[in-house]
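To start, the structure itself, in structure tokens.
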Amino acid sequence: MIEFQNVHKTYRVDGRDIPALNPTSLTIEDGQVFGLIGHSGAGKSTMLRLINRLEAPSGGKIIVDGEDVTAFDANQLRRFRQQVGMIFQHFNLLASKTVADNVALPLVLAGELSRGEIDKRVTELLARVGLQDHARKYPAQLSGGQKQRVGIARALSTNPKILLCDEATSALDPQTTASVLQLLAEINRELKLTIVLITHEMDVIRRVCDRVAVMDAGKIVEQGPVAEVFLHPEHPTTKRFVQEDEQVDEGEQRDDFAHVPGRIVRLTFQGDATYAPLLGTVARETGVDYSILAGRIDRIKDVPYGQLTLALIGGDMEAAFARFKAADVHMEVLR
């Protein structure tokens, strides 16, 4: 478990204190995939560097597995960092070394295994990330996705308990991003690793995370289970991320609906309710006609969800609203 207890970070620049992270409390459970999302300067990279103690907090405590890592001396920090793997945005591979040697590097530096043990470990890791046939290649011979897989294998080399991902997919195309996220999900599931990833893309959070914290100006402005935050955003920053993911401009959409008659509502379905024939049932029971103005069906990690924007006309409108709520469907009245 990772706990931030009133942690804050301030930098001294030209004689002035510049806050990078305001007092923050946060808990990340063991085995969780936890996402930190925010635009540049939000403070998410600072939080990542605080977790692995590349940065020391200006105040507060960081507790990992019951130990206060803010109080560690140099030797304790060295041992602790061996339990924390790191995946970088731009891969950070050594161009002069082969794939196998890049993966082996943390083990060589640790100096605790024989060459034979290191070679065996590297072979296992390359097989795990699907690069068993690329061991003798150099980074320049690999695609972006393959380079990131090397980075993942290297991060796993010391058998870490925690894996930190710093914008790990932002330099990749959408198809490669999906395959890397699938690999991270498999690693989380099979190795029971705690994964903390930072991103500015809600789609990354939606695909792989269990919980998310939304950051803005050095503060966590909203946090919770991904489905709850994604489907029912409250803070303006969260709403903007959701709209960017859905590629929807709410202002333009409302203008498009300005001349549509009737009441306009947005329904959000989760789980089995996503596929239930609710609209037809409500229309028959209440006499309310509907037209579908916009909609989508997708998944948040393994949970299906659907969103429909409807125009409702005639019949018993209040009964229809009550029926939607009784079916455990979230309803937002837009007009």
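From the backbone N, Cα and C atoms, a Cβ is placed for every residue, glycine too.
Now, the feature entries from Swiss-Prot:
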- Gly38, His39, Ser40, Gly41, Ala42, Gly43, Lys44, Ser45: ATP binding site (BINDING)
- 2-242: domain 'ABC transporter' (DOMAIN)
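The record gives Gly38, His39, Ser40, Gly41, Ala42, Gly43, Lys44, Ser45 for ATP. Within 8 Å of the mean position of their Cβ atoms, the other Cβ atoms in that chain belong to Ile198, His200, Met215, Asp216. Counting every protein chain shown, 24 other Cβ atoms lie within 10 Å of the Cβ of Gly43 (ATP binding site). Long-range Cβ neighbours of Gly41 (ATP binding site) (same chain, at least 6 residues apart, Cβ-Cβ under 8 Å): Ala217. The Cβ neighbour count for His39 (ATP binding site), using a 10 Å radius over every protein chain in view, is 13. According to DSSP, Ser40 (ATP binding site) sits in a coil region rather than a helix or strand. Cβ neighbour count within 10 Å across all protein chains ranks Ser45 highest among the binding-site residues Ser40, Ser45.
DSSP assigns Ser45 (ATP binding site) to a helix.
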